[in-house]
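These features come from Swiss-Prot:
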- 109-187: disulfide bond (DISULFID)
- 3: N-linked glycosylation site (CARBOHYD)
- 329-350: region 'Disordered' (REGION)
- 1-43: topological domain 'Extracellular' (TOPO_DOM)
- 65-74: topological domain 'Cytoplasmic' (TOPO_DOM)
- 96-110: topological domain 'Extracellular' (TOPO_DOM)
- 132-149: topological domain 'Cytoplasmic' (TOPO_DOM)
- 171-204: topological domain 'Extracellular' (TOPO_DOM)
- 226-244: topological domain 'Cytoplasmic' (TOPO_DOM)
- 266-288: topological domain 'Extracellular' (TOPO_DOM)
- 310-350: topological domain 'Cytoplasmic' (TOPO_DOM)
- 44-64: transmembrane segment (TRANSMEM)
- 75-95: transmembrane segment (TRANSMEM)
- 111-131: transmembrane segment (TRANSMEM)
- 150-170: transmembrane segment (TRANSMEM)
- 205-225: transmembrane segment (TRANSMEM)
- 245-265: transmembrane segment (TRANSMEM)
- 289-309: transmembrane segment (TRANSMEM)
């Protein structure tokens, strides 16, 4: 009889402890990002969308029409612009949901998830490809290939990056569940897109995946290649300007996405850092939201970097705007393939 009563009592005690811990957690109300989203997101994201759409389309046009796709770097930069356009497509929907708190439905939430994740991871991977390609070119690891073969060889890595970005996104899509609020399904910008994050394993797994593939991998490749190249590359040497552009693109990417990755990591592993109190939890949620908003503006920054650090791009942009304003344009003045050889002559005008 004693053995029969002791086991249920032990189980009952464990059940009560779990209930108490859950009650304690429920006392801490979840952070409500709606006020911050309604104030900050609409105007900021509308500006980012309009500026990003304009300058990334200009990048695509200039890369295809003027600079051409005979250089591997141009192909990767063109793909970066496409990544940014994928990312930009999600912004109007976040603005609408922040303003009107509408119910977009589960299919649209999944489409936003796909565009957001694929755009983010593909941009990180193309930054890695750009850095590695510069590293290879400096040390002449592919110097015996012809230009045509080099460009043909860049098509496979570009396609592979898009395939990998889609595969990396699949866990989020497979485990995605829209959240319920006021009896409506909603997809939130302010919270990580990998819900059901109630399962601790998947929350940790998907957070580490984001940290490693979206931040630490580009950071490691950048530091390794930069240190090796910096020892041999001299100021004014041929290729220095392109090195400076690739370097700046990667640094800006890491600076804008680094704070979000740190905040996301601390939020997911808060119990290991004694940050599970109500105030700490709210501060982490707010920090994750703010850093995510800042990082999202990155999709309109790259083309501005081209204007400041790529002299050839700046000249082609000048001629493109000149042709648009000219009532009688002369297409023979700027042949599509006369880019690299004409740059020294054009540079004297700037």
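Here the Cβ of each residue, glycine as well, is placed from N, Cα and C on the backbone.
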_Distant-in-sequence neighbours of the transmembrane segment (75-95), which means Cβ under 8 A and at least six residues beyond its ends_ = 41-42, 45-46, 48-49, 52-53, 56-57, 59-60, 63-64, 69, 104, 108, 112, 115-116, 118-120, 122-123, 126-127, 129-130, 133, 151, 154-155, 158, 161, 189, 249, 296, 299-300, 302-303, 306
*What three-state secondary structure does DSSP assign to residue 109 (disulfide bond)?*
helix
*Paired segments the transmembrane segment (44-64) and the transmembrane segment (289-309) in contact, 3+ CB pairs under 8 A*: yes
*Starting from the Cβ of residue 109 (disulfide bond), draw a 10 Å sphere and report how many other Cβ atoms land inside it.*
22
*asked:* Based on DSSP, tally up the residues of the topological domain 'Extracellular' (266-288) by helix, strand and coil.
replied: 17 helix, 0 strand, 6 coil
*Tell me, what is the mean pLDDT of the topological domain 'Cytoplasmic' (65-74)?*
84
